[in-house]
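Colleague: Feature annotation from TrEMBL assigns active site to Asp307. What TrEMBL lists as Zn(2+) 1 binding site is His62, His64, Asp154, Asp307. Taken from TrEMBL, the feature substrate binding site applies to His64, Leu65, Arg66, Asn96, His311, Phe325, Gly326. TrEMBL lists Asp154, His181, His234 with the feature Zn(2+) 2 binding site. Taken from TrEMBL, the feature domain 'Dihydroorotase catalytic' covers 51-237. Here TrEMBL flags 343-423 as domain 'Amidohydrolase 3'.
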Amino acid sequence: MSGTLLIKNGHIIDPANGIDTVADLWINDGRIAGIGSFEGEQPDQLVDATGKVVCPGLIDMHVHLREPGQEWKEDIESGSRAAVAGGVTSMCCMPNTGPHIDHAGIALQIVARARQVNLCNVHPIGAVTKNLDGKELTEMRELSRAGCVAFSDDGLPIWHAGVMRKALEYSASFGFMVIQHAEEKALTKGGAVNEGWISTQLGVEGMPAAGEDSMIARDIMLTKLADARYHVAHISTAGAVELVRQARKQGLKVTTEAAPHHFALTEDEVLGYNSDAKMSPPLRTEADRLAVVEGLRDGTIEVIATDHAPHHEDDKRCGLSCAAFGIVGLETMLPVSLELVRDGVLSMSDMIAKMTCNPARLLGLDSGTLSTGADADVTIFDADATWMLDRNKLVSKGKNTPWHGKQMTGRVTHTIKAGRVVFSDGVVHE
Ligand SMILES: NC(=O)N[C@@H](CC(=O)O)C(=O)O
Ligand SMILES: [Zn+2]
Ligand SMILES: [Zn+2]
């Protein structure tokens, strides 16, 4: 984008550079040109950010875009539109598409399509095993050359310990991490919600916390053996948070992310058989929720990622047991996460770090900062604006959200990608 853009008088927070100040942000030819006072300058475009927070464009490292294969649920274009409506300028898409992202061609195709859409940076996550069947490793090196930034079989766990060991060893040989959907299927198969009093009351099969914890415990042993990098996707239990905390204390390269629903909601949401509160891993108990919050507070959990999992109505309106797992998240990530700031769990800067420079560091992305010369990916939000979430007004094709009809506090007002305003005042600009 050629030309100049001045974002005036915003509360600029750039955790990567320790910046937290009221100032102007100057953008020139799609790049950050400086932070300071630009009184008297004549920009081509001006955005008044008085009273708003100006931060690096958000990064969501866990998204399901459904293209190729399930475009009726979401596609790269609709997902990119939803992303920028939520303030997200870079996202990583999981490989459980059809075909899977298990060979370079598909990764290249996704990257090319995302560039054509030109709203949000899309970085694919390559599959660990061919066909996501847990048996034979993919050509990881080729996937990385095609643009993949990490490896995962998300949607499914890498269940075989020998395969997991090889995946960890091989990906570590070129510095990449393996992202695990930690679920011991022998314990969770057939389950729809957290196992406990509520699953009993509903008469629905449960998924015990031990299903998540036991696989993470195993994987930590393998991470040590392989001297590798291991990342736990969508952490949800108190036991899992403690396992990750202890592994990190031992100096292992173990990291994790939490999804907003796991730190904001509990299994109480499924009372009433609400399938829009069904996801994998399931919403857990209040004790688990509080443990995730504490993990975010003490730094055990470095990343907030949505696990945006759009589904069609037909996949959700068929009873709790048969409904598909997953909820949309891109457009609620910021307001839900701001609860952590309002509750005094995180400073505004720490919250922003978990959606910008922290995921960028784990994935080796050069986004997530407002450093001079960086791509001008910027999010502007009003932390206090209140609005009602209406599922029918979501930009995503997926309307499966547990926050329908709920009041949200905090709203994205502008999303800027490489110096171009791609979202403002509720409208996506193609
Ligand atoms: N989280 C979910 O409930 N569903 C995800 C798969 C996954 O993230 O494991 C999906 O692809 O729908
Ligand atoms: Zn998963
Ligand atoms: Zn996922």
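Cβ from N, Cα, C; glycine included.
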Colleague: I want to check the contact list for Asp154 (Zn(2+) 1 binding site): same chain, sequence separation of six or more, C-beta distance under 8 angstroms. What comes out?
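Modeller: Result: His62, Met94, Pro95, Asn96, Ile125, Ile179, His181, Ala233.
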Colleague: What are the other residues, in sequence order, whose C-beta lies within 8 angstroms of the center of the C-beta atoms of Asp154, His181, His234 at the Zn(2+) 2 site?
Modeller: His62, Met94, Ser152, Gly155, Ile179, Gln180, Ala182, Glu183, Ala233, Ser280, Asp307
Colleague: Need this for a regression test: recorded positions His234, Asp307, Phe325, filtered to those with Cα within 10 Å of His64 (Zn(2+) 1 binding site). What's left?
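Modeller: Checking Cα-Cα distances against His64 (Zn(2+) 1 binding site), the recorded positions within 10 Å turn out to be Asp307.
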Colleague: With DSSP, how much of the domain 'Amidohydrolase 3' (343-423) is helix, how much strand and how much coil, in residues?
Modeller: 16 helix, 27 strand, 38 coil
Colleague: For the domain 'Dihydroorotase catalytic' (51-237), what's the model's average pLDDT?
Modeller: 98
Colleague: Go through the binding-site residues His64, Leu65, Asn96, His181, Gly326 and pull out the ones with a Cβ less than 6 angstroms from some atom of ligand 2.
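Modeller: Once distances to ligand 2 are taken from each Cβ, His181 fall under 6 Å.
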Colleague: By Cβ count within 10 Å, point out the most packed of the binding-site residues listed: His181, His234, His311.
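Modeller: The residue with the densest Cβ neighbourhood is His311.
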